């Protein structure tokens, strides 16, 4: 162009910048801003916003924010699209305070937030369960003179639902009706989302009934949310009803729906339901992700179906996936439950040697395996290894040791563990004391059990009188049985 005396202008450069970032050449696109300036062509809001948006989508939020500052220093005023790109980017990283600062910056620069701005803010806050920020953004929106439209109401219902606030989600639904907006399928699904998080399947069924009465047909998301409601509420019959509709061909067996069905059965501990759903998933030619295969491996392990569990381990690699921490933890749990504590230790060692990072669950599982076999020294060695790696034990860790020691009559060690717990700010719970009392009673040492209960207050001042009375009653029950 320049060779033919046709100098490019800002529109030309904007198209070139857009072409670069679409092709993934972000730095080259950003460099054109400098080229434009050198040639005396002022980059405009479109130029900067194109690169800022690309940085945001690439997860390079610091570069995007740096370019925003450069934009303002150059005298180019960001527009609402610029700010909306920044807000969307920050929202994905849960940088809510920074999002609020951007809103303030918009106002100080005379840029009025639009409906996209507010809906983005509400959605991001809701997605991350930040209830107080949803309220704050909603009030800010109304203070700026924006009245919610149907999309905003749907976003609010969804946001409150994700925060677990069924009451506020219900209020927004009522306000939406009062404002003259009719619910749509998105509205119903947003409300179902709130109910699913609470496992309130009865209320969810009422919503479905209302949907059908209003002429709406449940979609894939609707059925998935119902499965979540049933599984969270422990209603396996509800899960089975939807499964039957899928298998009978009344509901399309999409990847998402079958995946949700498998996980719903997993939450309900239904081995039969999981196996049937997984077979249906594979029959439809769908490729499982690691979460699904790990769930299958876990339920096989819990049901002592060790060959099937190992099949899942091989299947992970067949699918081109790599075992993750959940996979290894499931294998360790399988071996610990089977009494093969040394195999659980081997899995832990393999994880460490392969550069993996075991977590608290990993170590608790191996400790549990050793304690169940009475190998308390090995359990203590694993405990030391865990703490040396900076992993802090929890109540489950200590209760595992309590069960191991008390089950073998090592009550001096039990007292030492309880003292250690209290010194390290881990308060014993009712299970801790129940386990000790049961250990004494199993050994027919009822007087020692009563003496133990009478001295609890000396070590643990937080233990209530009601809890002590329950322990005394527990000893007496054992004496009489």
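Note that Cβ sites are derived from N, Cα and C of the backbone, with glycine treated the same way.
Automatic prediction, not curation, is the source of TrEMBL annotations.
Computed from a predicted structure; not experimentally measured.
Here TrEMBL flags 9-43 (among others) as repeat 'PPR'. Across the repeat 'PPR' (9-43), the DSSP tally of helix, strand and coil residues reads 26 helix, 0 strand, 9 coil.
Look at TrEMBL and you will find 44-78 (among others) tagged as repeat 'PPR'. Beyond the repeat 'PPR' (44-78), the same-chain residues lying 6 or more positions past its ends with a Cβ under 8 Å from any Cβ of the stretch are 10, 13-14, 17-18, 21, 26, 29-30, 32-33, 36-37, 85-86, 88-90, 92-93, 95, 106, 109-111.
Look at TrEMBL and you will find 79-113 (among others) tagged as repeat 'PPR'. Mean pLDDT for the repeat 'PPR' (79-113) in this predicted model: 81.
Feature annotation from TrEMBL assigns repeat 'PPR' to 114-148 (among others).
The feature repeat 'PPR' is assigned by TrEMBL to 149-183 (among others).
Residues 150, 153-155, 157-158, 160-162, 164-166, 169-170, 173, 176, 225-226, 228-235, 238 of the same chain lie 6 or more positions beyond the ends of the repeat 'PPR' (184-218) yet place their CB under 8 Å from a CB of it. According to TrEMBL, the repeat 'PPR' annotation covers 184-218 (among others).
Marked as repeat 'PPR' by TrEMBL: 219-253 (among others).
For the repeat 'PPR' (289-323), DSSP puts the residue distribution at 26 helix, 0 strand, 9 coil. Taken from TrEMBL, the feature repeat 'PPR' covers 289-323 (among others).
Away from its own ends, the repeat 'PPR' (324-358) comes close to residues 290-291, 294, 297-298, 301-302, 304, 306, 309, 313, 316, 365-366, 368-370, 372-373, 375, 378, 382, 389, 391 of its chain (Cβ-Cβ under 8 Å, at least six residues beyond either end). Summarising the annotation, TrEMBL assigns repeat 'PPR' to 324-358 (among others).
The annotation repeat 'PPR' is assigned in TrEMBL to 359-393 (among others).
The repeat 'PPR' annotation in TrEMBL covers 394-428 (among others). Counting residue by residue with DSSP, the repeat 'PPR' (394-428) contains 26 helix, 0 strand, 9 coil.
Residues or ranges marked as repeat 'PPR' in TrEMBL: 429-463 (among others). DSSP labels the residues of the repeat 'PPR' (429-463) in these numbers: 27 helix, 0 strand, 8 coil.
Broken down by DSSP into helix, strand and coil, the repeat 'PPR' (79-113) contains 26 helix, 0 strand, 9 coil. If you look at the repeat 'PPR' (114-148), the same-chain residues 6 or more away from its ends with a CB under 8 A from one of its CBs are 80, 83-84, 87-88, 90-92, 94, 96, 99-100, 103, 106, 155-156, 158-165, 168, 175-176, 179. Counting residues 6+ beyond its ends, the repeat 'PPR' (219-253) has Cβ neighbours under 8 Å at 185, 188-189, 192-193, 195-201, 204-205, 208, 211, 260-261, 263-265, 267-268, 270, 273, 276-277, 280, 284 in the same chain. Packing against the repeat 'PPR' (359-393) from elsewhere in the chain are residues 325, 328-329, 332-333, 335-336, 339-341, 344-345, 348, 351, 400-401, 403-405, 408, 410, 413, 424, 426: each is 6 or more residues past its ends and has a CB under 8 Å from a CB in it.
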